[in-house]
Amino acid sequence: MTWNWKSKVAGIGFLALSLSLQAQAPAEKAPENWFNLDLTADKVHGVSTEKAYKELLKDKKPKKKVLVAVIDSGVDPEHEDLKDVMWVNPDEIAGNGIDDDKNGYVDDIHGWNFIGGADGKNVNYENLELTRLYRELKAKKKLNKKEKAFFEKIKEEYETRRKEMKQRKSQYSMILDAFKLVEKELGTDDFTAEDLEKIPEDASDDLKQAAAMMAPSLAQVPSKVMKEQLEGAVNYFSMNVDYFLNEDFDPRPTVGDNYKKQSERRYGNNDVYGPDAEHGTHVAGIIAAVRTNDLGMMGVADNVEIMSIRTVPNGDERDKDVANAIRYAVDNGADIINMSFGKAYSYNKKIVDKAVKYAAKKGVLLVHAAGNDNKNTDVEYNFPTPFYQKGKDPYKRGPKEADNWIEVGALSWKGAAEAPAVFSNYGASTVDIFAPGVDIYSTVPEGEYEALSGTSMAAPVVAGVAALVKAYYPELSGQELKECLEKSVVPINYEVNKPGTSELVKFTDLCKKGGVVNAYKALELAEKMVKEKK
């Protein structure tokens with residue numbers, strides 16, 4: 001599941017258990033380009049990108065074009081701010097239907113799509129991993145003791161969540177129907193509580209009840225906002241009922257692979273855009289949107305290329321696809337891999353672990369979003385993880401972990417106690433560092449731009465900083481980049497709210513390094529590290 005907090009329900013009043021909409025305080029506006037700004041100069045906790053370019057890099061030339069793979073929902077390769085930074089496979093001839101470079105992937109010009117079929121069709125919606133595991137175990141004729149215990153656990157979770165989603169869908173569909181009834185009567189979706197008084201006394205009981213339902217909320221929420229929230233809620237709950245938590249829905253045949261053969265690697269198609277590339281396009285822009293074209297926004301890194309590897313649907317990604325995406329990125333020259341996705345269950349963690357080890361052996365840095373459930377990942381899971389599986393149980397963390405992996409929490413621009421994003425996952429032993437991840441303005445498909453929030457946005461800030469450092473100090477391996485970025489964080493030495501609560505905690509309770517990634521300090525440290533290597 002992709003980790004952006006633009007989720008159609010996130011942080012919006014309609015998630016209240018009651019059927020009334022809740023008013024929200026007027027949204028504060030984040031400073032423009034805040035994630036690239038400097039704490040001292042600009043009074044906002046960005047990563048000092050602009051300061052680094054002006055002071056440290058003004059007389060330097062990059063030594064390497066850095067390739068960053070974005071394993072995500074897809075990227076719009078024709079976006080005005082991205083088309084000039086998209087990776088182009090130098091050994092492939094576009095559109096000739098031939099695997100010119102003999103890497104096993106035909107016409108992979110900008111990357112590859114592991115959730116599409118050879119016929120060009122694509123997977124858009126998917127189950128949660130919970131649903132897939134439930135369906136598979138339910139179909140087994142005999143379960144051993146361990147399987148039976150696990151099945152009972154996920155069966156209860158699946159049935160409880162599905163029941164809740166069906167109830168919520170019904171509730172909010174009813175409210176939306178009431179809104180539409182009033183809208184039809186008044187001839188507009190832009191109305192106030194006073195306008196409801198114009199409804200005639202001899203109106204139908206249904207219309208009167210609908211007006212009575214709308215009136216209290218209209219005193220606080222504009223009708224257009226109410227409609228948008230209601231439609232978003234119905235859409236979200238419908239996706240859960242129809243796709244995420246529906247054991248009868250299985251889109252995998254679209255891909256055409258032998259899913260049981262987890263070692264299979266040659267499948268998919270070359271459509272790196274796909275049916276919904278908003279998330280991946282936003283991520284790509286944060287890393288690499290052109291800084292010198294006076295368009296839209298500026299990414300973090302200036303000498304970088306983006307490889308799009310479409311792997312993440314609307315639903316949970318599959319471990320087989322994630323492992324293959326990592327291997328594809330490594331085999332085709334990626335220096336850094338961004339992974340802004342995660343899920344609570346894993347089908348085949350070992351196959352992902354093997355791919356992570358392969359990337360580590362090749363010196364490739366992996367950057368992963370910590371997740372948006374304001375949960376402690378020291379005790380709960382957000383797969384994939386850098387902790388290698390021990391034995392047969394994917395939920396038992398082994399003592400060994402990847403040395404080329406950075407786990408990233410999300411930072412708000414508000415500072416003080418509100419510095420951690422309210423939604424961010426955290427973990428004193430599982431999250432490495434934090435980075436800006438709230439109200440991040442970046443690219444979205446069809447030449448547009450939008451502000452989104454999530455650890456999905458924080459991870460590419462880190463990937464961008466890593467790419468910036470790598471461009472000027474190519475001698476540094478993925479492992480050394482990790483060391484450089486983590487040792488150069490700007491510490492937060494005051495107490496902050498634990499995400500999702502008002503409980504004050506130390507920042508070291510939220511992440512290993514107790515601080516925020518910083519491009520300026522990372523470049524300074526990289527200079528020292530390279531000199532010491534000589």
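Backbone N, Cα and C atoms are what each Cβ position is placed from, and that goes for glycine too.
Remember, TrEMBL labels are computer predictions, not curated facts.
Note on TrEMBL: of 36-63, 120-147, 148-175, the range annotated with the feature coiled coil is 148-175. Among residues of the same chain six or more beyond the coiled coil (148-175), those with a C-beta under 8 A of the stretch's C-beta atoms are 14, 19, 130-131, 133-134, 137-138, 213, 230, 233-234, 237-238, 240-241, 244-247, 345. Distance from the CA of Ser456 (active site, charge relay system) to the CA of Asp72 (active site, charge relay system) is 10 Å. When the active-site residues His279, Ser456 are compared by the number of other CB atoms within 10 angstroms of each CB, His279 has the fewest. Note on the domain 'Peptidase S8/S53' (64-489): mean pLDDT across this stretch is 97. Cβ neighbour count for Asp72 (active site, charge relay system): 30 (other Cβ atoms within 10 Å of its Cβ, all protein chains included).
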